[in-house]
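Participant: Take a look at what Swiss-Prot says about it:
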type	residues	note
BINDING	Ile37, Val38, His39, Ile40, Gly41, Val42, Gly43, Gly44, Phe45, His46, Arg47, Ala48	NAD(+) binding site
Amino acid sequence: MAPLKLNSRNLSQIAAAGGALVKIPTYQRGRAVKEGIVHIGVGGFHRAHLAVYIDQLMQKHGVNDYAICGVGLQPFDSAMRDALASQDHLYTLIERSAKGSFAHVIGSINSYLFAPDNREAVIAKMAHPDTKIVSLTITESGYYYNENTHELQSEHPDIQFDLDPANEKAPRTTFGFLYAGLTRRYQQGLKPFTVMSCDNMQKNGSITRHMLESFARLRNPEVAEWIAEEGAFPNAMVDRITPQTSETDKTALAEKFGIVDSWPVVTEPFTQWVIEDQFSDGRPPFEKVGVQVVKDVHAVEQFEKHKLRLLNGSHSALGYPGQLAGFQYVHEVMANPLFRKFVWQMMQEEVKPLLPEIPGVDIDEYCNTLIERFTNPTIMDQLPRICLNASGKIPQFIMPSIAEAIWETGPFRRLCFVAAAWFHYIKGVDDRGKPFEVVDPMREELQAKARAGGNDPSELLSIKSLFGDDLRNDERFLREITTAMNDIARDGIMKTLPKYIN
């Protein structure tokens, strides 16, 4: 039987052909359900995480008032619009592990709005009474958050554009849209929707609240006060490794499962979501599908810290040195005994001692689980994905551990090696002289500083929005990172790495 194009009409045939390896949604969609969630930033992670939890609620528990309306704000989001529209907003989740692979057609995304075509439609959707939650996966740079001052980058041209009352009906940024939608709800006497960040940032809800309230105060203090008093911005920790989809993935889906999908998602079996129970206008019963909903924001912060420092910090330790050494995939780096030892020792000796204990969580078991996930060869997680937008990641995943280790007089040599590897990575040339693309919103500034500094980290460390003042004035840190930078420049990653392994 020839592979079938994914759409509503072909679902039953796809299920029959796929047998036990393929699951399809059997719940109602379209006008039969309410779209209670508007999600900005429909990428791979959203479609492997929140959309899957909602799919499970719809499939297993009959929840029909929290279907998702996806939103794309950027011109490049037209590709997702077209892919989803071509298959009735269905897509395939491919779950891969050493035990095999399974395909799950997800139907929780009910519609999609492309803001550049109709910005008013997005604002109206947010203001609709059915909308209870606006969720976000907009990456770190989408929050316009200054890491040094912890304030909104109000001087940014896009924020300035959205702050101009003349542009209220045609915003550019997430905060411009959120403000416009909330203002309309305020005028209509509705409750504010919950703004639910699903991005990989510590205190993501608190940061979102502060950025939006800061934006609103610059536009209308009355609306800002209403948001501050009535709004909800739950903090959350999210986790599921989701590599970029390749053409090989699409071909394999057609050959093995008989599904032709314009943009499937590949992911691992592991998934986790810990979220603070803070919602302004109701929420789905997330607990029914394995979400850890907690009352105490401190508990969320502890889970966040574990995940960001151990998983994401270790990803950084594999990504930047690994790409410089010429590797392509995470599992390839982990197959190298030197890297495997390095990452394990960094987690155990430098990061673990800085982390709080969480009742019911065994940190050693968590670290072992991470090693197992990193070594999964079936998801083909590419290093360039790990290395994307590092200016928003390294200040969260690596530098705080270094700062805390210095404060507590603990070891941090391996963490400095990772930071030094990123400083070399910024130059866009690996140890063999092969150029690669550096994708980062701060690329021009970073590369200019890297060229000016050479093997001296002081130029890059002068970027206060990333590093502040304390670290660049600490002698121990400067000595360690300068040594690592010089060693990498002289000997390359693979010859330098043994110096950082016991």
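Keep in mind that glycine also has a Cβ here, set from the backbone N, Cα and C atoms.
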Participant: Measure from the Cβ of Ile37 (NAD(+) binding site) and count the other Cβ atoms within 10 Å, all protein chains considered.
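Facilitator: I get 28 for this one.
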Participant: On the three-state reduction of DSSP, what should I expect for Arg47 (NAD(+) binding site)?
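Facilitator: Where Arg47 (NAD(+) binding site) sits, the three-state DSSP reduction gives helix.
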Participant: For the binding-site residues listed here (His39, Arg47), tell me which residue's CB has the most neighbouring CB atoms inside 10 Å.
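Facilitator: Result for the most crowded candidate: Arg47.
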Participant: Using a 10 Å radius around each Cβ and counting other Cβ atoms from all shown chains, which of the binding-site residues Gly41, Gly43 yields the largest count?
Facilitator: Gly41
Participant: What are the sequence-distant neighbours of Phe45 (NAD(+) binding site), meaning same chain, six or more residues apart, C-beta distance under 8 angstroms?
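Facilitator: The list for Phe45 (NAD(+) binding site) reads Thr137, Cys198, Val238, Arg240, Thr242, given in order along the sequence.
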